[in-house]
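Asks: After the structure tokens below, expect a handful of questions from me.
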Ligand code: APR
């Protein structure tokens, strides 16, 4: 059977890491597209030359031509600009919206059957715009945010509790921004919810609150350290987890920026929710119950995302 085809739109820091990870995991043949001449070609060649030592079989191609993504099973979009210190993800909106228009049109024309994962920020608004520009079915276009935010939360919790990250589960919902909602009640160590661990004296509420805030600021902390761009290893790994769930029909329960129409009291918008990802794309949105405080935080986050979508419509009236 022919290998699946993975198209990576954007060959920057995340795009290059995605290409390397997808090759090492032998998820398929990889085409890397970018508008910068030479960048995707150079990265593809470099990664192909890591194949003999790593021992993977994958055809790597770099291109500046959209026609080369034809027939892609998965497209992962990182085209656009990352933030610099002092910027919020929302500051990227104007520039990256234009990028989503050209990427959406490219996917619409050449890879309309692909499962599309958007990483470009501000995520919830960009995945919405990408879906609008591409015209693909909503369940085939999804944003990567919750897997990353939950991974950050899990990492911080594992350090606090001195236990393996594998035994820590975490749920982060809402928009991928300052208003994201880490749900402590639905996050566990070995199945024990975090509030119970506070009761058991494993940590204090103050320390847990600080970890929740550090999770919310997780991207900014890395931007502040790197100074020249934003995080790329963990964002790439998170998107690969989603791509693998689709390609291997794993039915993974992953928090993603998905189109929600009906669940959680929402009427047709993209925001971070628990989803089931399998061969059908986003096969289900899990309609979890929130308590009063969680609902208030989620509502605030939803409002922030709605504000960004309105800003997109104001910039590009074709979206209105
Ligand atoms: N079409 C295709 N590629 C584009 C376009 C476009 N219209 N505009 C820019 N690019 C490419 C750039 O040439 C660059 O190679 O997108 C790439 C972005 O790479 P980086 O600047 O290294 O950014 P990266 O760290 O990969 O982040 C990309 O993901 O997490 C988000 O906030 C982040 O929005 C940013 C995106």
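Each residue, glycine too, has its Cβ placed from N, Cα and C.
What TrEMBL shows for this protein is this:
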- 5-143: domain 'Lactate/malate dehydrogenase N-terminal' (DOMAIN)
- 10, 11, 12, 13, 14, 15, 34, 96, 119, 120, 121: NAD(+) binding site (BINDING)
- 83, 89, 121, 152: substrate binding site (BINDING)
- 148-310: domain 'Lactate/malate dehydrogenase C-terminal' (DOMAIN)
- 176: active site, proton acceptor (ACT_SITE)
Asks: Just to verify a number: CA distance, residue 89 (substrate binding site) to residue 176 (active site, proton acceptor), in angstrom, no decimals.
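Replies: Rounded to a whole number, the Cα-Cα distance is 9 Å.
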Asks: Return the single residue from the recorded positions list (83, 176) that has the minimum number of other CB atoms within 10 Å.
Replies: 83
Asks: Just to confirm: which same-chain residues, 6+ apart in sequence, have a Cβ under 8 Å from the Cβ of residue 152 (substrate binding site)?
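Replies: Sequence-distant Cβ neighbours: 215, 218, 234.
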Asks: Treating G and I as helix alongside H, and B as strand alongside E, what does DSSP give for the domain 'Lactate/malate dehydrogenase N-terminal' (5-143) in helix, strand and coil?
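Replies: Helix/strand/coil tally for the domain 'Lactate/malate dehydrogenase N-terminal' (5-143): 67 helix, 25 strand, 47 coil.
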Asks: Sort out for me which one of 10, 12 has the most neighbouring CB atoms within 10 A, since those are the binding-site residues we care about.
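Replies: Answer returned by the neighbour count: 10.
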Asks: In whole Å, how far does the CA atom of residue 10 (NAD(+) binding site) lie from that of residue 83 (substrate binding site)?
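Replies: A Cα-Cα distance of 15 Å.
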Asks: Measure from the Cβ of residue 34 (NAD(+) binding site) and count the other Cβ atoms within 10 Å, all protein chains considered.
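Replies: For residue 34 (NAD(+) binding site), the 10 Å Cβ neighbour count is 22.
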Asks: Mean pLDDT over the domain 'Lactate/malate dehydrogenase C-terminal' (148-310): what is the value?
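Replies: Over the domain 'Lactate/malate dehydrogenase C-terminal' (148-310), the predicted model scores a mean pLDDT of 96.
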Asks: Using a 10 Å cut-off, grab the number of neighbouring Cβ atoms around the Cβ of residue 121 (NAD(+) binding site), all chains included.
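Replies: Neighbour count, Cβ to Cβ under the 10 Å cut-off: 28.
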